[in-house]
Amino acid sequence: MLVTAYLAIIFLLVLCVGLEITARRLTPPQSTPTAVANPAFRRFQSIFLQAYLLALWADWLQGPYLYKLYHYSFLESQIAILYVCGLASCVLFAPFSSWLPQALGRRQTCLLFCLSYSVCCLTKLSRNYFVLIVGRVLGGLSTSLLTTAFESWYVHRHVEVHDFPKEWIPSTFTKAATWNHGLAVGAGFVANLLAEWLRLGPVAPFLLAVPCLMCCGWLVLTDWAKEESEGGPEGGKQTLLLGASNGGATRLSAKARFSRSCHEGLRCLLSDRRVMLLGVVQALFESVLYIFVFLWTPVLDPHGPPLGIVFSCLMAASMAGSLLFRLATSTRYHLQPGHVLCLAVLVAFFSLFMLTFSTAPGQPRPHESFLAFLLLELACGLYFPAVSFLQGRVIPEEKRAGVLAWFRVPLHLLACLGLLALHGEVSGTGGGESGSGTRHMFGGCAIMMLVALMAVVSLFTLGRNDTDLRLEGTRGEGEMF
């Protein structure tokens, strides 16, 4: 597995470079010359990305060795409970994290993220089970804040304060997504360097994440504050000041706005069958990914691979998938995002089906499992841009935050139930590869992916002639399926 991992990362990086060159040739960047030439926008974008990318980097550093860190002191069933605590806290804090930027202030909420995630990383120094549970709860809070607070600050400043065109927003997050893939691959190399090459142990990447988070917090505290003072007061701060002066009425209005957003989101979810089917696909697909995050290390680690390099391989496979999406939807190949989404779910189903055989008790086939994991990550790279496009077309913009909040509830609950089921099987069979819990879990995930595939087919059968589900340049060119 050691040689396989290094050969795989070389092959995948070469593949990504080749796909990037091809994608740039076939899909020349649709840049916005006005935005590129606008120095105020470029400065504002740079201030945001510096802090945001540091936050993402600190998050990725914690991926490769989390399971192995716990494995030194606890049984697999106990580790499953730790993961469940993290997922359950995501469910509990998801509504709170959406409301908090309005009440506390957007910049202050980003600072809270830096603090809570730093404490989460420091809890990894302890071997006390309760302390680790607290760390997982803080990790769930931090993950929720990372997905909401930074974007909330940027969009608010972009639209409400600087009055830049809304059409410029995607350029910032496209750039962040491009950097995000590279950061994920690099995080695996750095984590492997610290944990294995320098023999500092699996806790080392978590300790490195702390100064990264502190640098992120410093940028938020200084550069963002300076940007706010030059561009106008921050909305959340105004909320607090007004709330103090009028008995908290404005703060209550923030709660009322959030409550209304949730109600409108639920109404949209229940009234539009397309939205419901898309929610089913997202809940099933992404809950399987959470279970995969727990299972990949115990499946491969007994065979001695460098976990950091394996993590980089998985992230490079995901990058390759996103590049393939760009190629597939280019003007040369004319595939619709719906086609790509169907392909992504089908590839994910095939990889999970492979894993039910490669993880058979007493007959592990780690190379086949590794290949299946790479295919699953390739499917992720195809899935996320496709589902993001469809969400933008199916869900009204003013209701999107509320609808996506409802999507995340069954997503995390399914993942929690899956890990609890695995905990029960592991406890009953003794765990490890001698038991059948891992194989049964992959079988259950394959069934979930099959249901997701049926939901995708139903979605596009329902919207067969729906031009909203097509790319702009290919509307009216026939049916989706």
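Cβ atoms here come from the backbone N, Cα and C positions, even for glycine.
According to TrEMBL, the signal peptide annotation covers 1-18.
Among the features that TrEMBL reports, transmembrane segment is placed at 47-67 (among others). Below 8 angstroms of C-beta separation, residues 79, 110, 113-114, 117, 121, 143, 146, 150, 153-154, 157, 172, 175-176, 179-180, 183-184, 186-188, 190-192, 195, 202-203, 205-206, 208-210, 212-213, 215-216, 219-220, 223-224, 227, 293-294, 297-298, 301, 307-308, 310-311, 315 of the same chain, each at least six residues beyond the ends of the transmembrane segment (47-67), sit close to that stretch.
The feature transmembrane segment is assigned by TrEMBL to 79-99 (among others).
Residues 48, 51-52, 55-56, 59, 70, 74, 78, 81-83, 85-90, 92-94, 96-98, 100-101, 106, 109-110, 112-113, 116-117, 119-123 of the same chain, all 6+ positions outside the transmembrane segment (129-150), place their C-beta atoms under 8 angstroms from a C-beta of that stretch. What TrEMBL records for 129-150 (among others) is transmembrane segment.
For 203-221 (among others), the entry in TrEMBL reads transmembrane segment.
Residues or ranges marked as transmembrane segment by TrEMBL: 275-296 (among others). A Cβ distance under 8 Å defines the sequence-distant neighbours of the transmembrane segment (275-296), meaning residues of its chain 6+ beyond its ends; these are 63, 67, 79-80, 83, 87, 268-269, 310, 314, 341, 344-345, 348, 352, 373, 376, 380, 383, 387, 390-391, 394-395, 403, 406-407, 410-415, 418-419, 422, 438, 441-442, 445, 448-449, 451-452, 455-456, 458-459, 462.
According to TrEMBL, the transmembrane segment annotation covers 308-328 (among others).
For the transmembrane segment (340-358), the list of distant contacts is 281, 285, 288, 299, 321, 325, 328-329, 364-366, 368-369, 371-373, 375-376, 378-380, 382-383, 385-387, 390, 439, 442-443, 445-446, 449-450, 452-453, 456-457, 460: same-chain residues at least six beyond its ends, Cβ to Cβ under 8 Å. Under the heading transmembrane segment, TrEMBL lists 340-358 (among others).
Under the heading transmembrane segment, TrEMBL lists 370-390 (among others). Note on the transmembrane segment (370-390): residues 1, 4-5, 8, 12, 278, 281-282, 285, 289, 292, 296, 299-300, 305, 310, 313-315, 317-326, 328, 337-338, 340-341, 343-345, 347-348, 350-352, 354-355, 358, 469, 471 of its chain, located 6 or more positions outside it, place their CB under 8 angstroms from a CB of the stretch.
Under 8 Å from some Cβ of the transmembrane segment (402-421) lie the Cβ atoms of residues 80-81, 83-84, 87-88, 90-91, 94-95, 98, 261-266, 268-269, 275, 279, 282-284, 286-287, 290-291, 294, 391, 395, 441, 444-445, 448, all in the same chain and six or more residues away from its ends. Summarising the annotation, TrEMBL assigns transmembrane segment to 402-421 (among others).
If you look at the transmembrane segment (441-462), the same-chain residues 6 or more away from its ends with a CB under 8 A from one of its CBs are 273-274, 277-278, 280-281, 284-285, 287-288, 291-292, 295, 338, 341-342, 345-346, 348-349, 352-353, 355-356, 359, 414, 418, 421-422, 425, 469, 480-481. The annotation transmembrane segment is assigned in TrEMBL to 441-462 (among others).
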Chain residues in Cβ proximity to the signal peptide (1-18) (below 8 Å; excluding those fewer than six residues from its ends, i.e. six or more beyond): 185, 300, 303-306, 309-310, 312-313, 316-317, 319-320, 323, 366-367, 370, 374
